[in-house]
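Copied over from Swiss-Prot:
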type	residues	note
BINDING	658, 659, 660, 661, 662, 663, 664, 665	ATP binding site
COMPBIAS	1-11	compositional bias 'Basic and acidic residues'
REGION	1-21	region 'Disordered'
C-alpha cells in the first residue's frame, strides 16, 4: 500500500449528538461514522503512513499487540484512547490480531489530500473500508502457514426440513468444496476440514439443537444475516460471481448445498469489498467417499496435531517429506480424509510404487520440485490486488520448474494418477510463461511501487525513461556532441540553471552559425544574450528537459501498467495455472511418500472390500521414529489379525490385557494409524498388511475432564463410548482403551463387560479392546469371535521387564505397584502398597472392610517408616545389602560397570 501524505486536520466542529457538548474534529466525525458501520471489527484507520485506532479498538489493540496506548482529543468529556501501527509493518500486526481472534476493517485514504483541499480548507480526505480481514479470508504470505490450508466454511440449512450442508473455500488457493451433512455428523465434518472461520446464518446460530456445536468451535463462528444463505437467490449469486449465464456446467446441488455455497460467496464478497478472488467451481463431495473419523478419535490419534495443539509429535509431522507448500497441504488433506474406495486408493498406491521403482528419476523430480513456489497463493494475491512483483516471479519460477519436470517425464510410462498430472503440467500456459520470462527482471523488489521489476529491453519507452532518469548526464553529453557536429562549433556547451533549465551556450563570436539563416533560426531558438555568449534551445532539447523532469514518474507508471497487464494475463490463465500447480503437488506427495516408505521400511498394503484386518509386524509410525531419534531400543513390531474366522463371517475382537507401561495404548493406536495411512494411499509401517476398507474409525484412548461443559473424565468416557456403540457397523474399526476405569470397580467392570458383548453381538465390527479387568478374559469362552491377547512381561526380583510383545493369552496381573516404583513413589508407599495388594489377593475380601482394616491398620506406612532398623554387622551384611539394593532396569551401562567394581571390592572385604 502506498504511503500518502497526511492532510492537516481541520478545526473541530460541534458534534451532532444531542448528549455530546464537546467538539469533534471533522476527521474524528468521519472515523465514528465509518466505525459505526464496522462495529464487529477493529478499524485500521489510515492516516498518512500509519493505521490509527481509537476508543475501545485502541484499548483492545494495544493490549493484544503490546503497543503504547496514547490519547488524541476528547469525546463526551473523556480522553480518546489512540494507538497506531506503521503501514509498512501492518501485516505483522494483522497476523497477531487474527491469531487472537480479532477481525480487522482496513480503512484507506481513497483520494489525495490535494484533492480534498480543492473542496475547501475544512474538507477531510475521503476514506473507505477496502477490505475486512478475517481468519478465513487471508491471502498475504506473512499471514498464512504454507503447509496448512486456510479454509472459510459456510453452513447452509433449508427452512422446512432443516437439512444441512457445508461449503468450504480457501481463497488463497481457490479451492471450493461442498457436501451435505446431518446434525449428528455436523461437528465431525467441520473438524475434518478444520476451518479457520465458520459462517452461519444468525437464525441457525441461535438454534438450540445446533448451538452446542457452535459453542465447541468458539470464536471461529461468525453469525451473518440469514439473507446471505437464501437458497432461492443462490443461483443468481453464483452466476454473478462466476460470470456465467447458467449453472448447467456446475452439476446438481441440493437446496442446503446451494444455501451453503451462497453463504460462502456472499461472505467473500462482503469481506473483499470490490475484489473478487478467482475460485474453482464448487466440487461436490459425496457421503461415504471418505473415512468417517469423529472429533474425539481425530484428537486422540493426534493425526494433524497433538493433544496439546502442536504439529511436532503428530502423525502428519512424522510422515511429511514434501518439499512444496502445495504438496504439504495436499498430504494433510489426504491424511485427514482417507478414501473408502479400494480403486481410488490403489491409484494412489500405484503412484507411490512407481516412484519407488524409479528412484533416480524421482530424486531428479524432487530437486525440480524444491524450486516450485506457492503458485496458487501468488495467483490469488495478484487477483485481489495484493500481489507484488515477486508473486509474478513465483509464477515464472513455477512454470520453469514445471517445464523441467515435464522434460524429465518425457517418455516415462506412468501410472494413471501421475499420467493425468503430467498432462495437466503439459497444458500450462507456455505463451504466458514465455511472456513472464521476457518481462521480469532477474532480481525483483517486494513492492511494485519500488519499480525496477521489468527487464531491460522489454519496453523501449521504459528503457528510454530509465536512461533519462539514471543517465541524464550521458544523454545530454550525447546531444551536445550531435550539436557540435551539426554546427561545427567546438566550444558549444549544453548547460542548466534553475531559471532557464537546459540551454545551449556558444560564444558571441560563434553565434552566427545559429542565427545567420532562417533554417538555423528555426532550428535554434534564442533564449538569452550575455556579454560574451548567447544561449539557445531547441524543440528537441525542450522535450528532453521535460522527459528528464518526469522520467522517474513516467518510468514507474510504465512499470505499473506492465504489472497490471501481466496480472490480468495471469488471472485469465487461472484455471490452467491452478491445474498445473495441483499436478505438481500430486508429484510432490507421491515422491514424498516413496521417500518415507524407503526410509522407514514401509510396505504396500492390500486394500479391498472385505472385512479383513491382518497386519503382520506392525509398528507405530510416530513412536518408531522417536525411538530412532533418541538412539533407543528399536520398536517392537506386533501382529494384529481381526479378520473373520471364516468366509462370510464378521470381524474379530481382540481383548488385550497386560501391565501399565506394557504398550497396550501404543498397540491400539498403531493399528488405527495403519488403517488411516493405507486408506490415504500411503505405504504402511508393517511387514505386510491386508485391510478391508474401514468406513468408520472410532477410538476412545485416554480421556480428561471437560470442565467447561460440566463433564467429569468418566462422563466424557461414557459419552464417547455411547457414540461408538450407537454408530459402529460391520465395516467399522473400533479401538477402546480401559472402558470403565473412572468409576467404582464393579461398576466399571460391568460397563466394560456389557460394551464388549454389544460390540460382538450388535455392532459386529472389528475391534481392539484393552482392559485391566482381567475377569473379562472369561468372555472368550462365551463369544466366538473374541480372542484374548496380552502384552508379555518378565518378572525378576520384584521388578517387571516390559517386552512390548503381543501374545495369545491373558494377563493375571497389572503390575501397577512395580510401575509405581519405577515412577519414583517413596519406597515406604511402594512397600505398603505391596502389602495391601498381598492382603487383597490372599483374602478375596469382597467388601469386608472391617477385616481389611484389622489386617491393614491405618498409618502403617508411617509405622513402617518409623520402625528402628535392626543393628547389623556391616562387615557381614554390606555385600548382601548392596546386591539387594540393585535395580537392574534403572542402571546405565556406566553405572553397571561401576557397581561391578564396588561389589568386587565388598566381596574382597568379606
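Note that Cβ sites are derived from N, Cα and C of the backbone, with glycine treated the same way.
Model, not experiment: these values are computed from the prediction.
Here the features listed in Swiss-Prot are placed on the structure.
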residue	record	Cβ contacts under 8 Å, 6 or more apart
658	ATP binding site	664, 770, 790, 791, 792, 793, 811, 814
660	ATP binding site	772, 814, 815, 816, 819
661	ATP binding site	802, 819, 822
662	ATP binding site	791, 793, 802, 804, 815
663	ATP binding site	636, 791, 802, 804
For the recorded ATP site, enumerate neighbouring residues of the same chain (Cβ within 8 Å of the Cβ centroid of 658, 659, 660, 661, 662, 663, 664, 665, site residues themselves excluded), in sequence order.
791, 802
Would you identify the secondary structure of residue 664 (ATP binding site) according to DSSP, in three states?
helix
May I ask you to report the DSSP-based helix, strand or coil state of residue 659 (ATP binding site)?
coil
Cβ density check for residue 665 (ATP binding site), other Cβ within 10 Å (all protein chains) comes to 19
